[in-house]
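Now, the feature entries from TrEMBL:
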{"type": "DOMAIN", "residues": "A:4-250", "note": "domain 'Endonuclease/exonuclease/phosphatase'"}
{"type": "BINDING", "residues": "A:N7, A:E34, A:D149, A:N151, A:D249, A:H250", "note": "Mg(2+) binding site"}
{"type": "ACT_SITE", "residues": "A:Y108", "note": "active site"}
{"type": "ACT_SITE", "residues": "A:D149", "note": "active site, proton donor/acceptor"}
{"type": "SITE", "residues": "A:D220", "note": "site 'Important for catalytic activity'"}
{"type": "ACT_SITE", "residues": "A:H250", "note": "active site, proton acceptor"}
{"type": "SITE", "residues": "A:H250", "note": "site 'Interaction with DNA substrate'"}
Amino acid sequence: MRIATWNVNSITARLPRLLAWLESSGTDVLCVQETKCGREAFPFEPLRELGYQAAVNADGRWNGVALLSRVGIEDVVTGLPGGPEYEGVQEPRAISATCGPARVWSVYVPNGREIGHPHYEYKLRWLAALNEAVAQDAAGERPFAVLGDYNIAPTDEDVWDTAAFEGATHVTDPEREALAALRASGLGDVVPRPLKYAHPFTYWDYRQLCFPKNRGMRIDLVYGNTPFAKAVTDSYVDREERKGKGASDHAPVVVDLALEAP
DNA sequence: ATGTCGGGAAATTCCCGA
């Protein structure tokens, strides 16, 4: 079974590439982030025609997550139970479901903006709530993974230049400690292989030729429990999808598993 | 093979978020 995660930066803007990629990659389950549309604008129909069911948590111009599956979607939980609010609202940043043999989450962790910004404190509270919400499944026997845009580079190796991130979010100790807490709950970082260059970056800013210069970051992560990790046969970043016209600023992370899709 | 992009308000250009 093939599971992937991809921050598409608007599912409506990305729709032609998304549909083509689903077909060419043969992905069974895709965790989507930054749909940037409301439910009413979500492209259920073209996805259905390709054989994918969709579970969606999206409410407008920002954020938004989804699960696309051609191996079933059951027991959908919309949102992060016990999750914090930002400026009085629970933003659409999480959705989970059982897709065939695995339980999966699609998450879009708050960006944080700047150290000390209210959004940064929100990011840390959000991650603490996530850890609580997944603890039971993380320790369970069923293959389980939390996939998505974490907006955190787990190590210094996961940014193109540590000096460029001095005093910035995505690399701070409290953010990395939040990832360590997930690992302590039984989830491991499924590190993909790069298709080119030394590091499996998943995101390159649109600006300043970051992609051709490979000024990237690894912030799209797959955190899986032991039964999930044991089933992994391969994982890679599909950087081809970052190329050309109409690309997202993130590339898909693909995970192949020795699990039978029903 | 590429020097931002996307959405949306107000609107054919700015603003925000990333």
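Placement of Cβ uses the backbone N, Cα and C atoms for every residue, glycine included.
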Just name the most isolated of the recorded positions A:E34, A:D149, A:D220, A:D249, going by other Cβ atoms within 10 Å of its Cβ.
A:D249
List of residues, in chain order, with Cβ under 8 A from that of A:N7 (Mg(2+) binding site) and at least 6 apart:
A:V32, A:Q33, A:E34, A:Y108, A:G148, A:D149, A:Y203, A:D220, A:S248, A:D249, A:H250
Only counting partners 6 or more residues apart, tell me which same-chain residues put their Cβ under 8 Å from the Cβ of A:N151 (Mg(2+) binding site).
A:V109, A:P110, A:N111, A:G112, A:K123, A:T169, A:H170, A:I219
What mean pLDDT does the predicted model reach across the domain 'Endonuclease/exonuclease/phosphatase' (A:4-250)?
97
Other same-chain residues whose Cβ falls within 8 Å of the Cβ centroid of A:N7, A:E34, A:D149, A:N151, A:D249, A:H250, the recorded Mg(2+) site, in sequence order:
A:N9, A:Q33, A:Y108, A:Y203, A:I219, A:D220, A:S248
What number of additional C-beta atoms lies within 10 angstroms of the C-beta atom of the residue listed as 'active site'?
26
